[in-house]
Amino acid sequence: MLVLVTLIFSFSANIAYADSESDCTGSEPVDAFQAFSEGKEAYVLVRSTDPKARDCLKGEPAGEKQDNTLPVMMTFKNGTDWASTDWTFTLDGAKVTATLGNLTQNREVVYDSQSHHCHVDKVEKEVPDYEMWMLDAGGLEVEVECCRQKLEELASGRNQMYPHLKDC
């Protein structure tokens, strides 16, 4: 009897694992505008390999998309004070060029969950950083877990910051 119960449990666990693996099929093809919920939702940075990640960083559309550009207000905590900056995101498929005055950051959405509740970005620099963004309103637990798994895979053991746990 114990062998039968163990066998059934093992089989059930394997099916659950297989289902969770197939649930992690991201949105294809990856499109940054889709990943940003077509500019209708705010996203918070929940994990990052960048040791200088801003505390409580949130990106929120600050207007309508014009051609391939989207104005985005980035809000963050600077010590105990809140600060905001107005960026322009230029979107090209999965690629995003974020511009603030003379500062430019290039990134690519490398994973986007099916319902766009979370996504993982690769920040292009000599040693790329990876970031996990989630809807400010929250997301489907299974999709958030898929984003977390994708970030773990890409970050391959690098230290991660949790900027949204900083008294936001």
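Backbone N, Cα and C atoms are what each Cβ position is placed from, and that goes for glycine too.
Noted from Swiss-Prot: Cys24 is disulfide-bonded to Cys146, selected from Cys118, Cys146, Cys147. Within the set Cys118, Cys168, Swiss-Prot assigns Cys118 as the partner of Cys147, by disulphide bond.
When each of the disulfide-bonded residues Cys56, Cys168 is scored by how many other Cβ atoms sit within 10 Å of its Cβ, Cys168 comes out lowest. In this record, (9Z)-hexadecenoate is bound by Arg54, Thr85, Trp87; the longest C-alpha to C-alpha distance in that set is 15 Å. Sorted by the number of other CB atoms within 10 A, the disulfide-bonded residues Cys24, Cys118, Cys146, Cys147 start with Cys24, the lowest. Taking the C-alpha atom of Cys146 (disulfide bond) as reference, the shortest distance to any of the recorded positions Cys56, Trp87, Arg107, Cys118, Asp121 belongs to Cys118. Spatially, by CA atoms, the recorded positions Cys56, Cys118, Asp121, Cys147, Cys168 include one closest to Thr85 ((9Z)-hexadecenoate binding site), and that is Cys56.
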